[in-house]
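Let me begin by presenting the structure, written as structure tokens, before commenting on it.
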Amino acid sequence: MSSLKTLSLFSFLFAALHFPSVHAATFDITNKCPYTVWAAAVPGGGRQLNNGETWTISAAPGTTQARIWARTNCQFDGAGKGSCQTGDCNGLLACQGYGSPPNTLAEYAIGQFANQDFIDISNIDGFNVPMEFSSASAGCTRVIKCTADIVGQCPNELKVPGGCNGPCPVFKTDEYCCNSGSCGPTPFSKYFKERCPDAYSYPKDDPTSLFTCPTGTNYKVIFCP
């Protein structure tokens with residue numbers, strides 16, 4: 001056997017022994033709302049979920065900037081084209097990009113630094129459907145919820161049909177969007193934070209809103225928990 005093949009075989013065996021494969025994380029997405037929602041995920045696509053239905057997707061280690069959300073009041077044709085009142089993703093049933101605000105977001109990154117997953121719920125893009133994002137595995141007990149009546153009490157400046165918009169999508173200024181990388185809480189972000197203290201309310205809300213589970217954890221997202 002050539003030295004190159006010997007080295008390659010040694011490298012493979014070393015990796016197999018010291019870096020065991022990590023399976024993809026699964027996400028069980030369940031609609032407990034008394035109305036139909038059209039679940040969306042990037043990566044993942046989209047699916048109509050009637051009350052009590054569950055859609056399962058998976059994400060490989062290394063997946064980042066991923067999102068799961070609910071769309072409401074949608075109409076799609078047989079080709080999967082149409083529109084939604086909230087959370088619409090370019091008129092497609094099977095989303096290929098992020099949804100339009102307002103939409104309550106479950107966000108995650110899998111298999112990151114120190115074999116950790118990062119998970120959060122975000123209201124930066126506003127709120128349309130109550131949500132719970134939690135571990136489905138014994139190795140992590142994290143449960144994140146945002147279930148307040150945010151739409152019913154929404155400030156007039158942020159009200160839109162079917163939801164409560166975030167101030168960044170409405171005003172598009174550095175004060176709310178933090179494009180410069182330096183910003184703080186505002187009266188509008190505090191409106192969301194007071195009602196959902198575990199959820200992101202503005203871009204620099206990491207200390208109270210970003211959570212971890214060990215890589216290898218499976219998850220569940222519930223609309224209207």
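Cβ coordinates are placed from backbone N, Cα and C, and glycine is handled just like the others.
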Cross-link partner of C168 (disulfide, per TrEMBL) out of C164, C177: C177
Residue among C178, C196 that, according to TrEMBL, closes a disulfide with C183: C178
Among C95, C140, C146, cysteine joined to C196 by disulfide in TrEMBL: C146
C84: disulphide-linked cysteine among C74, C95 [source: TrEMBL]: C74
Distance [Cα-Cα, Å, rounded] between C168 (disulfide bond) and C178 (disulfide bond): 9
Cβ neighbours of C146 (disulfide bond) where a neighbour is any other Cβ within 10 Å: 25
For C177 (disulfide bond), the number of other Cβ atoms found within 10 Å of its own Cβ: 17
Alpha-carbon distance [C164 (disulfide bond); C178 (disulfide bond)] in Å: 20
Site of maximum Cβ density within 10 Å, from disulfide-bonded residues C33, C164: C164
